[in-house]
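*Asks:* Annotation source Swiss-Prot lists disulfide bond at CYS50-CYS56, CYS51-CYS64, citing experimental evidence. Residues or ranges marked as cysteine amide by Swiss-Prot: CYS64. Annotation source Swiss-Prot lists signal peptide at 1-21.
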Amino acid sequence: MGMRMMFTVFLLVVLATTVVSFPSDRASDGRNAAANDKASDVITLALKGCCSNPVCHLEHSNLCGRRR
């Protein structure tokens with residue numbers, strides 16, 4: 001294989017890898033953003049002591065967890 005042919009193959013591999021990686025990056029960003037929002041809510045409630053308060057825990061059981 002000549003140098004020009006090897007360079008062409010290299011560029012095709014890089015291009016194919018880049019095109020394949022973009023859709024998966026966009027999909028994971030949405031999931032990560034949703035997980036980060038929920039994590040920030042849990043941290044906020046925990047810092048305020050809400051999860052240790054029975055009444056508040058019942059109102060926000062989706063954020064504090066179902067166990068009590």
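Quick reminder: no glycine exception, Cβ is built from N, Cα and C everywhere.
Are these features on the surface or tucked inside, and what touches them?
*Replies:* Taking all protein chains in view, 16 other C-beta atoms sit within 10 angstroms of the C-beta of CYS56 (disulfide bond).
CYS64 (disulfide bond) is surrounded by 20 other CB atoms, counting those within 10 A of its CB over all protein chains shown.
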*Asks:* Around CYS50 (disulfide bond), which residues of its chain at least 6 apart sit with Cβ under 8 Å of its Cβ?
*Replies:* CYS56, HIS57, HIS60, CYS64
*Asks:* For CYS51 (disulfide bond), what is the tally of other C-beta atoms lying within 10 angstroms of its C-beta?
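*Replies:* Result for CYS51 (disulfide bond): 18 other Cβ atoms within 10 Å.
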